[in-house]
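Here the structure comes first, spelled out in structure tokens, and everything after it is commentary.
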Amino acid sequence: MGVQDSGSSADNEYPDGSVRLRNPHIQLMDQDILYHLALGSESHDLVSMFGDVKFVCLGGTPKRMEQFAFSIMDEIGHKLPAGTTLLDISRYSYRYSMYKVGPVLAISHGMGIPSVGILLHEVIKLMYHARVRDPIFFRIGTCGGIGIEGGTVVISEDAVDGLLRPTLELPVLGKLLQRPAKLDKKLARELKSLASAEDPYDTVTGRTMCTYDFYEGQGRLDGAFCDYTEADKMHYMTQIHKAGVVNIEMESLSFAALTHHAGIKAAVVCVTLMDRLKNDQVLAPKEVLDEWQSRPQILVSRYIKRYLSMKGRLSLDGPGGSMCVKSPRRFKLVQQESETYD
Ligand SMILES: O=P(O)(O)O[C@H]1O[C@H](CO)[C@@H](O)[C@H]1O
Ligand SMILES: O=c1cc[nH]c(=O)[nH]1
């Protein structure tokens with residue numbers, strides 16, 4: 001099977017901006033159970049729960065995404081009804097965590113391509129069932145930098161695998177399915193323009209390598225096994241750096257390939273935890289790591305705030321000061337399950 005390119009994300013969209021489900025079987029099913037999200041197309045009113053979503057933000061850990069949900073709530077001035085708090089909508093899946101703050105969904109994706117791939121299948125179907133239009137997906141992550149110091153924010157221009165191929169490979173029915181891993185270049189540029197000269201850290205763009213492993217797959221010398229020398233590692237790191245790779249992580253390939261196939265605009269923003277030309281271990285103290293992890297969130301928050309204010313949707317004049325909707329159906333005020341009484 002050759003690489004199957006479904007075109008650019010813009011070419012891919014239906015004229016009304018709905019998310020493209022490239023699966024004829026779904027429409028024929030009585031119900032669709034989004035098993036790992038603990039949601040279903042019949043058991044839940046997905047349109048009223050999620051129809052107003054515009055931004056889907058994914059990141060590795062439940063804690064990071066909960067923190068992001070609370071911080072974006074402050075940033076966009078979204079108020080919860082008195083006596084309510086944010087709840088993990090997918091808590092009964094015991095797999096992923098999902099929080100909803102007005103038009104923003106924050107979901108944890110776990111580690112690696114299989115975990116983020118399963119989640120993306122279900123989140124893309126969720127967008128379809130909820131009739132969300134033109135959603136924008138972000139991955140807010142951590143990574144190892146190459147030739148850049150810890151704490152640097154990297155916006156991915158493209159994603160490649162450990163062999164520098166911009167393609168997600170998946171064995172399907174005994175054949176190798178290949179899908180191009182493409183990110184939205186304009187979105188990456190817009191994000192870059194939101195980095196401020198006042199930020200006490202650098203924000204760069206570049207090529208991201210996505211691997212199937214944290215240790216040997218990323219050429220570390222500190223795994224349980226290692227069959228190469230430090231010189232071999234440095235040779236590889238230098239070669240990939242010359243090929244434009246500035247950071248290494250473990251989800252961007254699947255994230256880019258599946259969003260592109262669905263016609264969804266997507267960007268990957270990660271903070272580096274170390275410079276892999278200098279060391280392999282995560283040595284920074286916890287408080288430093290926590291602050292570093294907030295940096296991609298800050299950039300994505302700026303994008304969301306700017307988008308909403310440009311669309312006139314940052315408005316506090318709705319009931320209880322909640323985000324209120326000026327026009328389209330997808331921005332109507334809804335009582336979210338994430339805001340139920342706890
Ligand atoms: O910080 P997150 O989003 O989990 O991403 C990175 O961290 C994990 C490895 O520690 C991998 O999942 C890698 O991609
Ligand atoms: O080096 C790193 C750091 C975070 N995540 C990765 O995948 N690699």
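Numbers run from 1 along the shown chain.
Placement of Cβ uses the backbone N, Cα and C atoms for every residue, glycine included.
Per TrEMBL, domain 'Nucleoside phosphorylase' is recorded for 54-305.
Positions annotated as phosphate binding site by TrEMBL: R95, R139, I140, G141, T142. The Cβ of G141 (phosphate binding site) lies under 8 Å from the Cβ of G59, G60, E249, E251, V268, V269, C270, V271, P296, each of which sits 6+ residues away along the same chain.
Secondary structure at R220 (substrate binding site), as computed by DSSP, is coil. Every protein chain shown contributes to the tally, and the Cβ of R220 (substrate binding site) ends up with 18 other Cβ atoms within 10 Å. What TrEMBL records for Q218, R220 is substrate binding site.
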Among R95, R139, which are binding-site residues, the residue with the most C-beta atoms within 10 angstroms of its C-beta: R139
Of R95, R139, I140, G141, T142, R220, binding-site residues neighbouring ligand 2, Cβ under 6 A: T142
Nearest recorded site to Q218 (substrate binding site) by CA-CA distance, among binding-site residues R95, I140, T142: T142
Inter-residue C-alpha distance, R139 (phosphate binding site) and R220 (substrate binding site) (nearest angstrom): 24
Filtered binding-site residues, from R95, R139, I140, G141, T142, R220, whose Cβ is under 6 Å from an atom of ligand 1: G141, T142
Where the record names R95, R139, I140, G141, T142 as binding phosphate, the maximum Cα to Cα distance in Å: 20
